[in-house]
Amino acid sequence: MASASAAAAAAEWEAAERKVLVARKPCFGLPTACPTSLPVLLYLRLAQVPFDVHVDTSFPDADHIPYVEFGDCVAFNNEKGGVIEYLKGEKIVDLNSKLTSVSPSDVLSTKAMVSTWLADALQYELWVVDDGSITHDIYFSDLAWPIGKILHWKKTRDVKHLLGITKLNAAEKEEEIYQKASAAYEALSLRLGDQIFLFDNSPTDVDALLLGHALFVLNALPDTSVLRGTLQKHENLVNFVEHHKVQLLEDSSSSGLGSSPSPSSSSTPRKRASAGQSYKPKPKAKKERTEEEKKFRQRAKYFLATQLVAVLVFLSLMGGVDSSELDDDDGMDYED
């Protein structure tokens with residue numbers, strides 16, 4: 001049954017003339033400034049897959065973004081281990097299958113460093129260390145201020161909880177996070193050496209994850225960032241990033257491997273026109289709304305209504321909560 005499903009998904013992938021990556025908006029000179037979306041984009045470009053990029057700004061805290069649409073199929077970030085794992089598991093796009101002389105355990109252990117130690121350090125800098133300006137530009141700039149403030153505060157609490165940070169152990173946890181990140185960069189630098197890729201001079205999902213992480217760190221984090229300073233100590237890692245930035249982000253855009261991001265107001269997968277069709281609507285005095293337009297208007301009304309409710313809730317909470325609690329949640333104890 002599973003093999004039949006994989007075969008059907010692979011056939012759908014091959015039949016789809018154009019794939020669509022739905023990601024968060026570009027910023028900081030990157031085609032998408034989301035640390036989760038960027039590795040998926042890079043993975044597709046390393047695999048030389050032609051695709052379009054659509055930007056979603058409607059649901060900043062949605063965990064199903066990024067996702068890839070192909071034909072009638074959709075691969076979501078919050079299902080089956082994420083988009084990259086789905087593409088590998090369904091034998092659709094598996095860069096790792098080209099490795100011949102590398103032990104799978106070496107690949108997995110290297111991948112674990114990037115997806116845990118480095119990912120945790122980046123989450124820490126984004127949601128705990130930073131003043132909120134970076135995350136505002138990525139996630140919340142299209143929302144009303146109170147809603148963005150509430151969502152940022154909630155995400156900060158979640159990250160602290162995830163990393164096990166409390167008021168009592170904050171200093172020790174920070175030291176531990178940066179020590180692990182430093183060790184990971186050191187190991188990755190030794191693993192890379194003077195190669196173009198981490199394994200067998202052939203691209204893998206680990207290259208996509210590391211490139212996405214490092215591109216974000218070098219382009220989005222400020223000069224005062226501890227994580228950025230630690231990465232910059234390893235010249236070969238920086239050269240690795242700069243080389244692939246030119247190959248995958250600059251040259252690929254001009255060659256059509258991934259078109260420039262286009263805005264999308266909905267995080268719901270869209271129906272697209274068939275290949276080769278061109279629509280030139282005739283002018284009409286009055287046009288009947290289609291079902292899709294009606295659904296879009298209903299969705300927009302619902303979104304505005306939820307924003308209004310959130311503002312009212314925020315204002316009611318502000319009446320009994322000191323504003324400093326929204327800016328500093330270090331006093332929260334997650335060990336209840």
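Numbering starts at 1 and runs along the chain as displayed.
Glycine residues also receive a Cβ, built from the backbone N, Cα and C atoms like all the rest.
These features come from TrEMBL:
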- 35-131: domain 'Thioredoxin-like fold' (DOMAIN)
- 181-243: domain 'Metaxin glutathione S-transferase' (DOMAIN)
- 251-293: region 'Disordered' (REGION)
- 252-267: compositional bias 'Low complexity' (COMPBIAS)
- 302-321: transmembrane segment (TRANSMEM)
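Taking DSSP states H, G and I as helix and E and B as strand, the domain 'Metaxin glutathione S-transferase' (181-243) has 44 helix, 2 strand, 17 coil.
The average pLDDT computed over the domain 'Metaxin glutathione S-transferase' (181-243) stands at 97.
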